[in-house]
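Annotated in TrEMBL:
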ACT_SITE  ASP264  active site, proton donor
SITE      CYS184  site 'Transition state stabilizer'
Amino acid sequence: TIRIIHSFHPNSSRFILSPIMTLQSIRYECGELSILDQLLLPHETAYERIGCVEDGWKAIRSMKVRGAPAIAIVGCLSLAVELHKREFPDTPSLSSFIKAQLTHLTTARPTAVNMGKSAAILIKFVDSMVEQNVSHEEIKSRLAGKIERMLPDDISDNMKLSEHGAKHIMGRIGQDKVTILTHCNTGSLATAGYGTALGVVRSLHAAQHLREVYCTETRPYNQGSRLTAYELMHDHVPSTLIADSMVGLVMRTRGISAVVVGADRVTRNGDTANKIGTYQIAVLAQHHGIPFYVAAPITCHDGGRLDGESIVIEERPPHELTCVAGVQLAPKDMNCWNPAFDVTPNELITGGIITEHGVFTPHQLNDFHDK
């Protein structure tokens, strides 16, 4: 996985990029896949081998791996692992196996669109080869190769997205230093590498335009305090952890320049589904006149879904709300409602939607999907 250091020259319109190593949440080589178990962070760094599609499904469902881009990459790579190991007697049996496994993977975390989109693309790719009478061995090889390219493609998209986002924020704020607030985890741990919203933060920091980033703890599963704080400290980024309930006060007193969050799904009209708590941050940002940005590569965009009202919101088990690190905090058998995501209406996304193709308003994004 690659981290990118940026430098920004006043007379240039581009950030200059040079690679060094950063956190690696997904390891894959020659049909062998392992993932960093994010349930153990920040206290223990341990990689778990993914030997089949069912291992991938369980890792995604249990949130050992999470983040919409990483979910799709790990899910698809778990299929590539099986394709490297399995033999099939003919094309129909291979095609049937691929479709069944991809369909199964989409059920692990249904709110994130990336896995579903990737599954549809790969199924279409296989159907095309079947129609061309490509041999089943060649179909296996080509499909595995297409899946394996998802890793470098995601890193490349994240780099472009982060460059666009950093430049747009600096152009809008008009100051040499900015203070950013972010929510959940959108960095190397949520992607193939570098990150989306946290990638924008990294770009600002490396270009010496970041004063500080505030990250929320992101209850109930603490992806902010466990994961984002871990990444920020790893990269020596000036940062402060806050409780989710402190966001309003931080906006009023700490000079927040912009909010940058990620998204698990972006609908055609620019509504976005993201980690629970995002919606209330967007409302507070609008009240305080702070630009609210969503950083989401095109793989997170669902152009076929008109708005956020029809997004299926995943609900998680009660123990994730009532317990922290296995310690019961709430009364036993207390009734719980634990949605994992909420939807931010497009009118609250006042900064823009950051993609690898540029920064769009929701209206411009609609036009982009029409092209």
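Just so it is clear, glycine is given a Cβ too, placed from its N, Cα and C backbone atoms.
Worth saying up front: this structure is predicted, and the values here are computed from it rather than measured.
Around the Cβ of CYS184 (site 'Transition state stabilizer'), the number of neighbouring Cβ atoms within 10 Å comes to 29. CYS184 (site 'Transition state stabilizer') sits 11 Å from the residue listed as 'active site, proton donor', counting Cα to Cα. The Cβ of ASP264 (active site, proton donor) lies under 8 Å from the Cβ of ALA68, THR111, ALA112, VAL113, ASN114, ALA273, ASN274, LYS275, CYS300, PHE341, each on the same chain and at least six residues away in sequence.
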